[in-house]
Amino acid sequence: MAVERTLSIIKPDAVAKNVIGEIYSRFEKAGLRIVAAKMAQLSREQAEGFYAVHRERPFFNDLVSFMISGPVMIQVLEGENAIAKNRELMGATNPRDAAPGTIRADFAVSIDENAVHGSDGPETAAQEIAYFFESDELCPRTR
């Protein structure tokens, strides 16, 4: 199995609910290590750039407005099959379809305010990590 890194964002709705620690605990219990983290208030430009792949989609403006509505926690997770493991922890995009016990089932209220973002593959993970973190901000967890 490959050790991977993936980007995770705890979105404004979950930050406002004060569940950052509960979500971090789930990452760690699943064997994922946090190798970088920061809280940020995204600018409109940052959110538009990050979600540029969705620019032509009808939900783009609402997504950007939501992502700048409050602070977010941005972290890089590392571990065996980190991308798939994080996506499993998150649950389906729509919390109504998310399996019980997943982050979205427990903390999200709608498909729009769905608590977390996670990279969907190795290439996007690398791009998304580089969007928010310089390489010297990533701290290998060797102990």
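Cβ from N, Cα, C; glycine included.
Here is what Swiss-Prot says about this protein:
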BINDING   Lys11, Phe59, Arg87, Thr93, Arg104, Asn114  ATP binding site
ACT_SITE  His117  active site, pros-phosphohistidine intermediate
Quick one: what's DSSP say for the residue listed as 'active site, pros-phosphohistidine intermediate', helix, strand or coil? strand
Determine the C-alpha span of the ATP site listed in the record, that is the greatest distance between any two of Lys11, Phe59, Arg87, Thr93, Arg104, Asn114, in Å to the nearest whole number. 21
Measure the Cβ-based neighbour count of the residue listed as 'active site, pros-phosphohistidine intermediate', defined as the other Cβ atoms within 10 Å of its Cβ. 20
Find, among the binding-site residues listed as Thr93, Asn114, the one whose Cβ has the highest number of other Cβ atoms within 10 Å in the structure shown. Asn114
Distance check, please: Cα of Phe59 (ATP binding site) against Cα of His117 (active site, pros-phosphohistidine intermediate), rounded to an integer number of angstrom. 15
Please classify the secondary structure at Lys11 (ATP binding site) using three-state DSSP. coil
Of all the binding-site residues given, Lys11, Arg87, Arg104, which has the fewest Cβ neighbours within 10 Å once its own Cβ is left out? Arg87
Please report the DSSP secondary structure of Arg104 (ATP binding site), reduced to three states. helix
Other C-beta atoms that fall within 10 angstroms of the C-beta of Phe59 (ATP binding site): 12
